[in-house]
């Protein structure tokens, strides 16, 4: 019998697929589940085995996810339409692990549970094909147009446990939690409070708190003078930010497939780190570096969102980000208060910002030199206007 590896989350779609692909497509199905900050690996493995998975592979990849994927997004202030790419960042890692396992154990195909409406089908299949074009890809929910009602009926018929918390479609990892479906799709309604898990609503948040973050080469390394590995620092900031209602995003997102979708995200650590990192950049980098970096940031975010992590162009993008971020060192203090982040002071040895120059009360900057600068700086604008005026006058004469 043919062998297949299924990216398995433990949810309804992928649980049904274990049995369905065996019965209808003739595959022996093995499963792969990764802990990227979201999964109870033991219970998910037991569920896959009970349904009929031949082998169940599980792996804790939180450290790799943090240092090889999230870290690159921190350097690039990764964001798509205001969302910090939490789901999108996890997909290339999942694709990589699936390909490695398929090559090691001889699986002929890899399957995922994505629908034909969403972004993940693109991200999984682009990533896997980029790493190994010979592997066959299967997406039963999409390719055989499986309806949720049909999946539930099939699950009941085959004694597959249907998750009881299925009101919303949720994707969760260290960098954020995304929620969609149910009342969230109704644009006439606010986000139901039962959709939140990581943070409290702003009106229920406490009196606020001040934190200090230390950055080295563009990455956060300490909270309040205590050093952390990146994955633990993120986990701590998710707790701190969550109790202060930091990181709630409710927006309409333009998917790769051209569909608009209302998406709700909880991303406390991502919002805190991105704010702090961006503020330090403004203090340290000059305007030319910031201009170049803004371009790199935008391209990086587009590539990640669109599933192009393994495109050759990502290497120079990331290399440029790493060069610019080698200067991003220092500490920054932030006040977190009822969903808002406020700058509370910063220290560093290489700040381009110079208070003595910016200060109107000192003489360190020679203001007289500005006149000569303006005389030269105006030339491009003034000469082009004069040339066009002259051309119009000659045309009328």
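Count begins at 1; order follows the chain as displayed.
For all residues, glycine too, the Cβ spot is worked out from N, Cα and C.
Database features, via Swiss-Prot:
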{"type": "BINDING", "residues": "7, 8, 9, 10, 11, 12, 13, 14, 15, 113", "note": "ATP binding site"}
{"type": "BINDING", "residues": "83, 119, 123, 169, 178, 253, 265", "note": "L-citrulline binding site"}
{"type": "BINDING", "residues": "115, 119, 120", "note": "L-aspartate binding site"}
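Recorded features from Swiss-Prot, shown on the structure.
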residue : record                    : CB count, 10 Å
7       : ATP binding site          : 23
9       : ATP binding site          : 20
11      : ATP binding site          : 17
15      : ATP binding site          : 29
83      : L-citrulline binding site : 22
115     : L-aspartate binding site  : 16
123     : L-citrulline binding site : 27
169     : L-citrulline binding site : 16
178     : L-citrulline binding site : 21
253     : L-citrulline binding site : 19
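Of the candidate binding-site residues, 83, 120, 123, 253, 265, the one lying closest to residue 11 (ATP binding site) when CA atoms are compared is 120. In the three-state DSSP reading, residue 265 (L-citrulline binding site) counts as strand. The Cβ of residue 119 (L-citrulline binding site) has 21 other Cβ atoms within 10 Å, all protein chains considered. Around the Cβ of residue 265 (L-citrulline binding site), a 10 Å sphere holds 25 further Cβ atoms from the protein chains shown. Scoring each of the binding-site residues (13, 120) by how many neighbouring Cβ atoms lie within 10 Å, the top position goes to 120. Each residue contributes its Cα atom, and for residue 7 (ATP binding site) and residue 123 (L-citrulline binding site) these two points are 13 Å apart. For the pair residue 13 (ATP binding site) and residue 115 (L-aspartate binding site), the C-alpha distance works out to 9 angstrom.
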